[in-house]
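This report refers to the structure that appears directly beneath it.
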Amino acid sequence: MLKTEQIQVIISKFKDATLWLLFSLSAIILLWKLGQRSLEDWDEAIYAQISKEIGQNGDWITLHYGYVPWFHKPPLFMWSTAAFFQLFGVDEFWARAASALSGVALIAIIYLIGKKVYGYWAGVFASLILLASYQFVHSARFGTTDMMLTFFLFLSLYGYLHLRQGNQKWWYFIGTACALAFMVKGFAAIVAPAAIMITLLIERQLLTTFKSRHFWQSIVLATLIILPWHLTVLLQHGQAFLGKYLGYHVIERATRPLEGNSGDFLSYFRRVIKFFFPWVYLIPFAFIVSVKDTLKPHSSSRVLIVFFLVVFGLYSLVSTKLSWYILPLYPILAIFIGYLFQKAQASSTARSWILISIATVALVIFPLTPLKIVGIISPSVKQMVAVFCFVIAATLLVLILLKRLTPKSATILLFAVFVFSGIREVRGLYTARVTPLAALAQVAGQGDFSKNKNNPLIIAKLSADLNHPSALFYSNRPIWWVRSAEELKTAVNSDKNHEIIMSKEDFDNLSSDYEIQVLAEKASLVYAKIYPNNFPGINK
């Protein structure tokens, strides 16, 4: 039998290795089968195409999309992806790698923040909660800027937690992290410095901060990171840059809903309920214990509450509503819920209100898990599994009420129930999927780029919802996107032949008006040559 001292040594060594274990687990979850799905319209394919064009034209300053200047975002994410493309080749895996690796790094930071603010188990639970959450895993495996932005935001919060211990040199760490966040997504990065400054004001440390030379020097450092690219592009492109970068993507996006992405003040409540199952049902209890901790003197958790309120409040006021805007909320919620589970296992009695609350929620959500599975098992089997899940959750609740389980055992079992339910949400992200549009665009892109670059490919958004970003990426040629019969007539009414991707329904509808020669088919789409009627040289 192991002695108590030996057990303590084993536990200590396990804790020392926890960071690397979580790092390895997150790498497996976020990188496995990363390149087995086609790039999605819009943003993912856009960022991949921009990164590819950096390699094609060699211009790392002015970003290009569709072979014309693109001023929507700062370049750090695209620079990272372009570097991966240069080193390892252009494909879906490396188009998503910068986002996925940011997710892996974020898991490590969340563990460290949870551990520093609340304790070891809060950090462990928080990291595992994120890895069993659909929105987090999806965003990490989606090649866009938001996961990298979120990583740098939390890196700055981690620096602030160290700053509170008295070493003012951590301001340089904070300034660098905030500047890099800005270089990923511009003014979306202001939430971190805003939360830090509000927290300093609440804690009556703002005047002391203003007297610190390290604070001001960190601002200079951040400016030196942010300014060179922005100033260079501004000098090169002037009003064209300001109009898109600041006017359209900051002012207009904040004041009116763009591209149909509207919503009301409750929009993000509904999205958290949808994308944070099953953890969302523990949020009220997690907030109770977290706010209670925040009210303690010298609590280090205050900045987390403030950050949550800043992010949620700001994006609830912004008119354009998109699910990924509130991605930084999920790590905060995971930390709060992780703290809830830590408090549960540290309870003095198995009948603590925290354990009973968690078990009651499990009793409600666990039977829903099999019922939400689509297209895999029959309805009758789903019902049987749901009953089985209900029995498991009910048994756990009864054992807790009868004090037949220790608080630690009960907590671990309940946490496993929630993880199992969360994994059900995540598993669909690993299914290989090549979209018909991507497959046909690849066929259309075969050949020399130098020849294709002057030969646009028509993408017809008529009866089918076909969009151009992924077609541009996979075809490696300019796109002529038509959304009406009149636009198609303009595109085809010339003395040269054209190639088109359209739905089979459009093919049937247009066959009487155009000469169409099908080159390839995929599912409901066709890739074809299209000519005006009576085009010379056509063999009928």
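Positions of Cβ are set from backbone N, Cα and C atoms, glycine also.
The domain 'Glycosyltransferase RgtA/B/C/D-like' annotation in TrEMBL covers 72-229.
For 17-34 (among others), the entry in TrEMBL reads transmembrane segment. Away from its own ends, the transmembrane segment (17-34) comes close to residues 92-93, 96-97, 100-101, 103-104, 107-108, 111-112, 120, 123-124, 127-128, 131, 137, 140-141, 430, 432 of its chain (Cβ-Cβ under 8 Å, at least six residues beyond either end).
The feature transmembrane segment is assigned by TrEMBL to 93-113 (among others).
For 119-137 (among others), the entry in TrEMBL reads transmembrane segment. If one looks beyond the transmembrane segment (119-137) by at least 6 residues along the same chain, the residues whose Cβ comes under 8 Å of a Cβ in the stretch are 15, 18, 22, 25-26, 29-30, 103, 106-108, 110-113, 275-277, 279, 323, 327, 330-331, 334-335, 337-339, 341-342, 345, 415, 418-419, 422-423, 425-426, 429.
Per TrEMBL, transmembrane segment is recorded for 169-202 (among others).
Among the features that TrEMBL reports, transmembrane segment is placed at 214-235 (among others).
The transmembrane segment feature in TrEMBL is assigned to 272-291 (among others).
Positions annotated as transmembrane segment by TrEMBL: 303-318 (among others). Sequence-distant contacts of the transmembrane segment (303-318), counting only residues of its own chain at least 6 positions beyond either end whose CB sits under 8 Å from a CB of the stretch, comprise 113, 117, 157, 160-161, 191-192, 194-196, 198-199, 202, 253-254, 265, 267-268, 290-291, 294, 325-326, 328-329, 332-333, 335-336.
Residues or ranges marked as transmembrane segment in TrEMBL: 324-341 (among others).
The transmembrane segment annotation in TrEMBL covers 353-377 (among others).
According to TrEMBL, the transmembrane segment annotation covers 383-402 (among others).
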